[in-house]
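> Can you keep this structure in mind? I'll have questions shortly.
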Amino acid sequence: MASINDNYLKLKAGYLFPEIARRVNAFTTANPNAQVIKLGIGDVTEPLPLACRQAMAKAIDDMGDRQTFKGYGPEQGYAWLREKIAQHDFQARGCEVNAEEIFISDGSKCDTGNILDIFGKDNTIAVTDPVYPVYVDTNVMAGHTGDANEKGEYGGLVYLPISAENDFVAAIPSKKVDLIYLCFPNNPTGATATKAYLKQWVDYALAHGSIIFFDAAYEAFITDPTLPHSIYEIEGARDCAIEFRSFSKNAGFTGTRCALTVVPKTLTAKAADGSDVELWKLWNRRQSTKFNGVSYIIQRGAEAVYSPEGQAQVQELIAFYLENARIIREKLAAAGLQVYGGINAPYVWVKTPHGLSSWDFFDKLLHTVNVVGTPGSGFGAAGEGYFRISAFNSRANVEEAMERITSTLKLG
């Protein structure tokens with residue numbers, strides 16, 4: 001009889017966001033007239049930038065003409081998009097990243113999981129707590145962990161607690177770890193990292209032969225000019241870091257799917273025989289074998305992000321969501337809640353009132369004021385007692401949600 005990958009049986013009952021959807025669906029089925037406002041999952045609501053829509057429409061026309069039709073594209077992405085990314089997102093900030101080191105994909109969520117294909121199972125892996133659940137769950141699926149304990153922590157992972165006491169930035173570990181997941185601006189806490197802080201991680205990784213997985217999915221929301229947007233703004237990072245980015249949140253591509261991963265050609269890791277192996281070659285081989293590339297139409301839309309019109313329209317989108325975050329942060333703070341994030345990030349991290357658990361606060365908001373957020377405990381044991389509220393919604397919905405919460409619930 002065929003056997004399964006038993007590692008899937010180690011996973012907790014359900015991925016966080018499907019569990020939220022299950023509870024919301026049960027509530028709306030029982031209360032069909034309820035006007036539920038969803039500020040939970042970080043999905044965008046505003047239309048794609050006009051420049052992107054126009055570029056994709058033209059690309060569709062290209063597909064209708066034998067002279068401009070495109071079949072299979074390069075698995076790594078079209079050179080014209082990779083070059084625009086290298087120029088605008090990296091070289092313009094002083095980062096030594098060239099187009100060949102950029103791999104276009106259909107999502108950074110996929111890439112942060114798939115990157116494990118090129119690493120061995122004997123690596124010690126460090127994640128922050130709380131953390132984006134995909135980092136943990138994909139390692140469980142890949143057989144890199146033991147079972148979960150009563151708090152949901154998996155054996156074999158090194159958890160780095162982040163809290164208000166350390167400004168939601170993890171301390172550098174005292175022992176050696178091999179693979180390190182960092183996300184800034186942070187999901188879920190909205191915390192940001194300074195260059196000095198990232199330099200500590202780069203120095204640590206270089207000293208220990210570690211690799212940093214740097215998730216910069218929300219870098220476009222940074223408005224503070226002193227904060228780094230890329231790990232490659234830090235000297236030495238090319239020799240110890242892989243960076244993941246996405247068009248989902250800055251340009252609204254959650255439904256059209258386009259992202260990128262940067263693997264520097266100078267980056268190496270050890271083979272079983274002790275030799276150094278270029279990770280770029282392994283990732284290129286992996287993508288060439290398991291991935292057929294992002295559609296031509298979508299890549300043309302992503303390319304339009306870098307046009308003058310696209311840049312202006314993307315900045316309007318970012319400013320819109322950041323204003324939503326400001327409204328959420330200030331309204332909840334004025335109502336007496338402890339709030340964090342929401343300044344250079346689209347997420348507001350909230351301390352639950354009156355000692356409520358994360359899921360109890362979720363249920364209270366859903367059933368009392370018909371507002372959905374994300375329980376902090378879903379991001380890890382250290383997230384218990386916190387709650388994430390997303391700025392990704394319409395202005396009217398954000399204002400209505402804040403009015404409901406602050407006027408109906410006693411929060412202070």
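Cβ atoms here come from the backbone N, Cα and C positions, even for glycine.
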> Given that Swiss-Prot annotates Ser108, Lys109, Tyr132, Asn187, Tyr218, Ser246, Phe247, Ser248, Arg257, Asn292 as pyridoxal 5'-phosphate-binding, name the residue from Tyr72, Tyr78, Tyr159, Tyr321 that shares the site.
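Swiss-Prot lists Ser108, Lys109, Tyr132, Asn187, Tyr218, Ser246, Phe247, Ser248, Arg257, Asn292 binding pyridoxal 5'-phosphate, and from Tyr72, Tyr78, Tyr159, Tyr321 it also lists Tyr72.
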> Taking the Cα atoms as reference points, how far is Ser246 (pyridoxal 5'-phosphate binding site) from Asn292 (substrate binding site) in Å?
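Each residue's Cα considered, Ser246 (pyridoxal 5'-phosphate binding site) and Asn292 (substrate binding site) end up 18 Å apart.
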> In this structure, which of the binding-site residues Asn187, Ser246, Ser248, Asn292 has the fewest other Cβ atoms within 10 Å of its Cβ?
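Lowest Cβ count within 10 Å among the binding-site residues (Asn187, Ser246, Ser248, Asn292) is Asn292.
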> Does DSSP give Arg388 (substrate binding site) helix, strand or coil?
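In three-state terms, Arg388 (substrate binding site) counts as strand.
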> Of all the recorded positions given, namely Tyr72, Ser248, Lys249, which is spatially nearest to Asn292 (substrate binding site) at the Cα level?
Tyr72
> Among Tyr72, Ser108, Lys109, Tyr132, Asn187, Tyr218, Ser246, Phe247, Ser248, Arg257, Asn292, which the record lists as binding pyridoxal 5'-phosphate, how far apart in Å are the two most distant Cα atoms?
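Max Cα-Cα spread across the pyridoxal 5'-phosphate binders: 34 Å.
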> For the binding-site residues Tyr72, Tyr132, which Cβ has the most other Cβ atoms within 10 Å, all shown protein chains included?
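The most densely surrounded of these binding-site residues is Tyr132.
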> What are the sequence-distant neighbours of Arg388 (substrate binding site), meaning same chain, six or more residues apart, C-beta distance under 8 angstroms?
Gly40, Pro188, Thr189, Tyr347, Val348, Trp349, Val350, Gly373, Thr374, Pro375, Gly376, Phe379
